[in-house]
Amino acid sequence: MEAPISEIFCSVQGEGPHVGVRQAFVRFIGCNLNCSYCDTEPADPSVCMFERTPGSNSFENIPNPLVTSQVSELLGNYGNIHSVSLTGGEPLLHADFISKMDIPHLLYLESNMTLPHMAEKIKDKVSYVSGDIKLIDEFEGEDLVTHLEQTIECFRTLRQTKDRECFCKLVVTKDTVPDDVYRMVDAISDYVSCVVLQPVTQNNFSSGIEFLLQLQKNLLDSVDTLIIPQTHKMWGCL
């Protein structure tokens with residue numbers, strides 16, 4: 001089993017309720033959405049950039065695609081990690097690969113939650129799910145009704161259990177419509193431990209502080225709601 005991977009490195013989680021934990025990151029190539037605020041740089045599909053020494057910014061180029069045993073070997077270079085973040089791109093595009101991964105660490109899935117049929121393949125493999133809600137102003141070329149139905153089904157599939165933590169991450173921009181937020185959060189609130197409002201930091205997309213606090217206040221009536229920006233951007237780490 002093989003997959004195209006853009007980066008493997010060790011850093012700290014910069015988003016959500018587990019901010020600051022030490023993780024290894026496996027960044028898969030490819031995404032099924034085209035979000036206007038996406039901050040993932042286009043990757044050279046021919047190589048995987050591997051940072052052997054955490055924080056060194058020194059990378060080795062490894063030919064793509066990688067097989068599962070290669071990924072396991074590379075991850076073995078890192079010590080004392082909380083979990084392995086599967087990110088992208090959209091890692092669920094590579095659910096078959098993930099299902100074959102054999103590593104001694106917990107898996108932390110970061111997903112746009114729009115591929116429920118792929119989520120079904122790895123639901124018993126992952127211990128943490130950081131699931132996004134992408135609202136209508138935040139993607140292009142997608143039928144809204146189908147998109148939202150798929151999102152709800154994906155959260156249902158990867159829902160919070162005694163063996164798996166699932167939380168929702170919602171990027172907030174200046175164009176975010178509160179009623180859309182309330183409607184979607186209400187639909188998935190039984191499946192998550194909390195909702196994280198993540199304000200976009202790019203000036204041309206950012207929302208106001210008052211707006212964010214009002215969103216949080218109203219959501220707290222139904223689900224634990226946090227406001228957490230992308231902390232890794234604040235100190236310039238990967």
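Glycine residues also receive a Cβ, built from the backbone N, Cα and C atoms like all the rest.
Note that the coordinates shown come from a computational prediction; the quantities given were computed from them, not determined experimentally.
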Q. According to TrEMBL, Val12, Gln13, Gly14, Arg27 bind substrate; which one of Thr68, Thr87, Thr114 is listed for that same site?
A. Thr87
Q.
Using a 10 Å cut-off between Cα atoms, which of these binding-site residues sit near Cys31 ([4Fe-4S] cluster binding site): Val12, Gln13, Gly14?
A. none
Q: To the nearest whole angstrom, state the Cα distance for the pair Gly14 (substrate binding site) and Gly89 (S-adenosyl-L-methionine binding site).
A: 17
Q. For the binding-site residues Gly14, Gly89, which Cβ has the most other Cβ atoms within 10 Å, all shown protein chains included?
A. Gly89
